[in-house]
Ligand SMILES: CC(=O)N[C@H]1[C@@H](OP(=O)(O)OP(=O)(O)OC[C@H]2O[C@@H](n3ccc(=O)[nH]c3=O)[C@H](O)[C@@H]2O)O[C@H](CO)[C@@H](O)[C@@H]1O[C@H](C)C(=O)N[C@@H](C)C(=O)N[C@H](CCC(=O)O)C(=O)O
Ligand SMILES: Nc1ncnc2c1ncn2[C@@H]1O[C@H](COP(=O)(O)OP(=O)(O)OP(=O)(O)O)[C@@H](O)[C@H]1O
Ligand SMILES: N[C@H](CCC[C@H](N)C(=O)O)C(=O)O
Ligand SMILES: [Mg+2]
């Protein structure tokens, strides 16, 4: 494709050279240069500008950058833009044939619930008979083809390649999670969204965004950028729900369990068998559990209706679906009927939600034993809060490792212990080894007790010092149930 076509819709500052140049690939990483490509120098943790010469040496014939290099090579076209990251999204979108305009793309953002909502939308639309794509933390799916996910929202080149593949495979819809990192880094720049969903916003990722206001501003930017013909569906029970869409030119739709809204729900009953709800005057039973899933289900219902589906058919189909892997995923031991719940709650709010949900499901006599850790090299401020939440809602807690990454797991646990108040110390244990921690929790459980293993959900590894060792919470719980019941 010609460079001039690739630059369509980018905000150019200067161009040196002839843009009637055939480009074979788009590259944002100098380590992955292929001859004939355009290299886009993006500033991140390191400054991509320092790799321009290297990229040219390895065969890049055009360079897109914010600051022009002093030594420019003859025959190479240099394009200056205001934001390389934004240009990368737009250029990648053009290169891959503007895939988001060839299918209906819905983006889901918010602190919690993105994977659940996007996955349910994918399952729902697949069941309704459409070929669909899914881009999520857990997995990417093109029809039934499974592709590994490395990020919640991939980099713009991988993302547009994936969307183009969905188009090629005949997908009519794509549902994707849009993380706040992705919005901030312009990974979704250039994409044409048919609609966007806001789930909620709470304390997370402040290691990256620094302040809560900045985190809100970043998420809001996604809604501000939606096209006029798109829908912007927001949860108005969240304090920031209306702020998100206040400047959107898209059509704003709302959902709520508490207030008058376009998609209004009311919980009639909420137990281990599922949710019994009223949704816009229609009584319906869902297999998903807990109030937070009532919100997720309303978001899915609302988005499907905004995309033009029949209300009743959507509810009937939704009522048959199960949730996403590692989200309130439970196993009951054969003999003692101990309930093991594996959940991806890795933020204070998510943990609070899960434990509050469990509390409502209890019959009264059983203990709740919580196993929880916090990831290394991530927001440290959440550590004591998560321990505090776990203490408040559990009869026993075992603090353990999540993915320590490059931190000493003992240090992480110490940070968590700061949140355990004197009154709770007697019910709290710290065990660094996650498997040992789960085993201890299950050994402490009596018949019908509930063991919550939080933080890693669907993850099948534990990352320690750059090495990912196989580790699967659900598999571990199952294994220990079998071992202890022999
Ligand atoms: C903090 C963060 O988000 N980092 C992402 C970011 O990296 P970065 O900007 O620091 O990149 P960098 O390594 O400094 O390089 C800057 C530029 O120079 C280029 N480069 C770099 C080195 C080189 O030799 N040559 C070269 O050309 C890079 O390709 C890049 O374009 O851009 C990279 C390419 O798109 C991402 O892979 C990387 O994700 C890292 C691995 C990551 O861990 N990200 C997490 C935090 C993340 O994005 N998480 C969210 C979900 C969060 C949630 O909701 O839970 C997600 O969407 O997955
Ligand atoms: N609507 C919701 N509100 C609050 N908590 C939720 C909600 N939905 C799910 N959760 C809790 O948050 C955890 C993460 O859910 P999910 O994976 O769907 O969210 P996510 O936004 O994709 O998270 P991540 O950014 O980590 O990928 C779940 O394990 C559950 O405990
Ligand atoms: N997308 C999140 C997931 C955190 C999951 C938790 N298990 C951890 O490793 O901290 C992140 O990368 O920050
Ligand atoms: Mg997710």
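Glycine is treated like the rest: Cβ placed from N, Cα and C.
Each residue of the domain 'Mur ligase N-terminal catalytic' (23-96) gets a DSSP state, and the totals for helix, strand and coil are 25 helix, 18 strand, 31 coil. Look at TrEMBL and you will find 23-96 tagged as domain 'Mur ligase N-terminal catalytic'.
Marked as domain 'Mur ligase central' by TrEMBL: 108-304.
The Cβ neighbour count for residue 110 (ATP binding site), using a 10 Å radius and every protein chain shown, is 27. Feature annotation from TrEMBL assigns ATP binding site to 110, 111, 112, 113, 114, 115, 116.
According to TrEMBL, the feature N6-carboxylysine maps to 219. Summarising the environment of residue 219 (N6-carboxylysine), the number of other Cβ atoms within 10 Å of its Cβ, over all protein chains shown, is 23.
Here TrEMBL flags 326-457 as domain 'Mur ligase C-terminal'. Across all of the domain 'Mur ligase C-terminal' (326-457), the predicted model scores a mean pLDDT of 95.
Residues or ranges marked as meso-2,6-diaminopimelate binding site by TrEMBL: 378, 402, 403, 404, 405, 455, 459. DSSP assigns residue 378 (meso-2,6-diaminopimelate binding site) to coil, not to a helix or a strand.
Only 114, 115 of the binding-site residues listed as 113, 114, 115, 378, 404, 405 bring a Cβ under 6 Å of any atom of ligand 4; the order follows the sequence. Across 378, 402, 403, 404, 405, 455, 459, which the record gives as binding meso-2,6-diaminopimelate, the greatest C-alpha separation is 17 Å. Apart from 378, 402, 403, 404, 405, 455, 459, the meso-2,6-diaminopimelate site neighbourhood in this chain, defined by C-beta within 8 angstroms of the site C-beta centre, holds 346, 373, 374, 375, 376, 401, 456, 462, 463.
Taken in sequence order, the binding-site residues 112, 115, 378, 402, 405, 455 that lie near ligand 2, meaning a CB under 6 Å from one of its atoms, are 112, 115. Proximity of the recorded positions 111, 113, 219, 378, 405 to ligand 3, judged by a Cβ distance under 6 angstroms to any of its atoms, singles out 378 in sequence order. In terms of DSSP secondary structure, the domain 'Mur ligase C-terminal' (326-457) contains 52 helix, 27 strand, 53 coil. A 10 Å cutoff on Cβ-Cβ distances gives residue 404 (meso-2,6-diaminopimelate binding site) a total of 23 other Cβ atoms nearby, all chains included. Compute the center of the Cβ atoms of 110, 111, 112, 113, 114, 115, 116, which mark the site for ATP; besides them, the chain residues with Cβ within 8 Å of that center are 108, 117, 177, 199, 200, 296.
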